[in-house]
Structure formats: structure tokens, C-alpha cells
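What follows is a set of notes on a single structure, which appears directly below.
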Amino acid sequence: MSPSATDNSDGPDATVLTLRKVLTSESEPLARRFRALFSLKYLACQQPATEKTLPAIQAIAAAFTSPSALLKHELAYCLGQTRNPESVPYLQEVVKDTEQDTMCRHEAAEALGALGYEDSLEILKVLRDNKDEPDVIRETCDIAVDRILWENSEQRKAEKLKASDFTSIDPAPPLPMATSEPSIPDIEKRLLDTSLPLFQRYRAMFALRDLASPPDLPTATHAVEALAKGLKDPSALFRHEIAFVFGQLSHPASIPSLTEALSDQNEVGMVRHEAAEALGSLGDCEGVEDTLKKFLNDPEQVVRDSVIVALDMAEYEKNGEIEYALVPDSGVAAA
């Protein structure tokens with residue numbers, strides 16, 4: 001079961017308790033709760049673990065009772081980045097709970113894939129094969145199963161992967177390094193080939209991401225343009241991941257396609273919200289803040305919430321703050 005907001009069975013820690021209270025309080029502004037979450041994520045992701053690691057994981061999991069789908073999906077993402085088996089039971093509980101928001105359950109499934117533990121395979125396979133589950137859940141579980149199998153395979157040990165600028169644990173690794181110069185058209189073809197398994201298409205996606213960073217790389221703009229074509233894919237899950245990758249890249253060439261996705265009232269919420277947050281990472285670019293403000297009263301709650309967080313992130317980008325976090329003391333920063 002998820003720990004309560006006040007549960008502190010592993011002993012008091014002033015930093016974690018302060019952050020936990022902010023994160024789990026429905027009276028706190030959403031942007032402040034997100035900053036608290038990213039501070040807790042930093043503590044939860046410490047390698048090797050510290051005395052604050054488990055309490056930080058418990059603090060993150062305590063907020064799964066929130067009514068905010070946006071916050072809960074971010075909790076699941078953060079737990080998936082911890083590389084810690086203590087996160088697994090909380091995520092398994094969420095992914096099995098059909099009363100939870102679909103976006104949150106999807107993120108929990110993806111997080112289980114990121115953690116890579118084989119004891120999650122059974123529940124992921126059951127959900128993948130259940131035709132009564134929403135497509136986004138089945139597709140996410142399909143990718144997560146493939147990722148766990150890859151993580152624990154001899155194939156992984158044999159593959160040579162390009163060093164990435166990104167420290168995130170992704171839903172799929174990039175494609176193995178080619179013996180020749182990487183061809184963006186070839187990778188794009190793989191990205192857009194709907195006959196391929198989603199896991200393989202995701203590998204192409206993250207290969208293109210790595211060819212787009214840093215932004216002054218000769219391949220960067222072409223890689224972003226190739227990724228942008230994925231925003232027209234029939235899979236909402238795939239489209240949302242493209243938007244997430246654009247948020248990581250913060251490349252100005254992605255602004256037109258992200259703006260189009262956010263502005264499309266016929267697009268699903270999980271894609272539009274991801275587009276909003278990605279635009280938030282580009283908040284110092286001309287016109288982005290004005291675009292985001294147009295959606296502060298959007299009919300969809302998750303889009304409205306994302307715009308609030310995105311504008312807070314944009315402010316952080318403009319102000320040149322060191323970390324997007326809530327810092328109770330000098331020992332905490334956001335990962």
C-alpha cells in the first residue's frame with residue numbers, strides 16, 4: 001500500500017519531512033509541489049543509497065492519493081528513475097489499480113520497465129495481453145516487457161551504445177552504434193515504420209534524440225525535424241514520447257510542432273500536456289510564454305495543470321536558477 005502522508009517508520013529526517021509535507025499537501029500550489037518532487041527525486045536516486053533514499057521514495061509514493069493525474073504520473077516517472085527495487089511495489093500497485101488515471105498507470109508501467117527487474121514481467125505481460133485495457137496501457141506494457149528482457153539479455157552486453165548527454169533511464173535504449181556514419185533518413189524510416197515493434201521504434205527515437213544534442217551538433221536540426229514527424233503517428237503513446245523527448249532536448253526547432261500539438265483540441269490530453277511541458281523547457285525562447293498562457297483555462301485539467309508547471313519552468317529558465325527544485329537546505333538539489 002502507498003505510505004500515508006505522515007508515515008515516518010524509518011525515522012525522522014527534517015529535509016525529507018519538509019519536502020513530503022509540501023508534496024502531499026493539496027493546499028500547496030502545484031508548481032511548488034513539483035519542485036518538492038524533483039528535490040525528493042534527487043534524494044531517491046542517490047547511488048549508493050543514503051539514509052535519505054528510502055524515506056524519499058516513501059515520500060514520493062505517499063502522494064499517489066492526490067487527485068492530480070499530472071502529479072501522479074510524474075511521481076511514477078521519478079520512481080522509475082531511482083534504480084532502486086524499493087520503488088517496485090508502489091509502482092506495481094499503481095499499474096494494477098484500474099481506478100487510477102490511465103496516464104498514471106501508463107507511467108507506472110513505463111517506470112517498471114525502466115527499473116528493469118524481472119519480477120515485474122508477469123503483471124506487465126498480463127496487462128499487455130488484456131484486450132479490455134486501454135491501448136496506451138497495453139502498448140506501454142509491451143515496451144516495458146521488451147525493455148526488461150533486453151536489460152537482462154546477452155544482447156545488451158554485446159551492444160555498443162553511443163554515450164548520451166542524458167542521464168535519464170529511458171523506455172528503450174538507443175539503437176546500437178553503426179559501424180558507419182549514422183544516417184538520419186535511415187533512422188527516421190525506422191522511427192516511422194508502424195510495422196515494427198514499438199520497442200524498436202523507440203530505439204530509433206532515442207537514437208535521433210542523441211543525434212540532436214548538443215543543439216549545435218551538425219545533425220541536431222535534421223534529427224529534430226525527423227522526430228517531429230512522429231507527432232503524426234497513429235499511436236498516442238508514441239506521440240507523447242516524441243513530445244517528452246523534445247522537452248529533454250529544448251531545441252528551438254521543435255517549437256512549431258510542439259505548439260501545433262498543444263493547440264490541437266482534438267489531440268489527446270497526454271500528448272498535449274507533454275507538449276506544454278516541453279515548451280516550458282524552452283521558456284526563454286521568444287513567444288513561448290505567450291503561447292502557454294493561452295491554455296491556462298483549457299477545458300482539460302491535465303493541460304491546465306501542465307501549463308502552470310510549464311510557466312513555472314519557463315520562469316526558472318529565464319531567471320537562470322541552478323536547479324528546478326524546492327531547496328529546504330543546501331544538501332538538496334534536483335536531478
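Backbone N, Cα and C atoms are what each Cβ position is placed from, and that goes for glycine too.
Among the features that Swiss-Prot reports, repeat 'HEAT-like PBS-type 1' is placed at 71-97. Note on the repeat 'HEAT-like PBS-type 1' (71-97): residues 1-2, 30, 33-34, 37-38, 40-41, 44-45, 47, 49, 53-54, 57, 60-61, 63-64, 103-115, 117, 119-120, 123-124, 127, 168-169, 305, 335 of its chain, located 6 or more positions outside it, place their CB under 8 angstroms from a CB of the stretch.
Annotation source Swiss-Prot lists Fe cation 1 binding site at His73, Glu74, His106, Glu107. Proximity of Glu107 (Fe cation 1 binding site) to non-local residues of its own chain (separation of 6 or more, Cβ distance below 8 Å) is seen for Lys72, His73, Glu74, Ala76, Tyr77, Gly80, given in sequence order.
If you look up Swiss-Prot, you'll see 104-130 marked as repeat 'HEAT-like PBS-type 2'. In the repeat 'HEAT-like PBS-type 2' (104-130), the DSSP tally of helix, strand and coil residues is 23 helix, 0 strand, 4 coil.
Here Swiss-Prot flags 200-233 as repeat 'HEAT-like PBS-type 3'. Residues 143, 162, 164-166, 170-175, 182, 184-185, 187-188, 190-194, 239, 241-243, 245-246, 248-254, 256-257, 260-261, 271 of the same chain lie 6+ residues outside the repeat 'HEAT-like PBS-type 3' (200-233) yet bring a C-beta within less than 8 angstroms of a C-beta in it.
The list of residues near the repeat 'HEAT-like PBS-type 4' (238-264) in space but at least 6 beyond its ends in sequence, with Cβ under 8 angstroms from a Cβ of it, reads 139, 166, 168, 171, 198, 201-202, 205-206, 209, 212-213, 215, 220-221, 224-225, 227-228, 230-232, 270-272, 274-282, 285, 287-288, 291, 295, 303. The annotation repeat 'HEAT-like PBS-type 4' is assigned in Swiss-Prot to 238-264.
Positions annotated as Fe cation 2 binding site by Swiss-Prot: His240, Glu241, His273, Glu274. Glu274 (Fe cation 2 binding site) falls within a helical segment according to DSSP. Under 8 Å, Cβ to Cβ, and six or more positions away along its own chain, Glu274 (Fe cation 2 binding site) finds His240, Ala243, Phe244, Gly247, Ser306.
When pLDDT is averaged over the repeat 'HEAT-like PBS-type 5' (271-298), the result is 96. Per Swiss-Prot, repeat 'HEAT-like PBS-type 5' is recorded for 271-298.
The residues near the Fe cation 2 site, meaning same-chain residues not in His240, Glu241, His273, Glu274 whose C-beta sits within 8 angstroms of the mean position of the site's C-beta atoms, are Arg239, Ile242, Ala243, Phe244, Met270, Val271, Ala275, in sequence order. With DSSP classes pooled into helix, strand and coil, the tally for the repeat 'HEAT-like PBS-type 3' (200-233) is 25 helix, 0 strand, 9 coil. One way to see the shell of the Fe cation 1 site is to take the Cβ centroid of His73, Glu74, His106, Glu107; the remaining same-chain residues with a Cβ within 8 Å of it are Ala69, Lys72, Leu75, Ala76, Tyr77, Met103, Cys104, Ala108, Glu110, Ala111. Cα separation, His273 (Fe cation 2 binding site) to His106 (Fe cation 1 binding site), rounded: 14 Å. With the fewest other Cβ atoms inside 10 Å of its Cβ, the least crowded of the binding-site residues Glu74, Glu241 in this structure is Glu74. Of all the Cβ atoms in the protein chains shown, 26 others lie within 10 Å of the Cβ of His73 (Fe cation 1 binding site). In this view, the densest Cβ surroundings among the binding-site residues His106, His240, His273 belong to His273, judged by other Cβ atoms lying within 10 Å.
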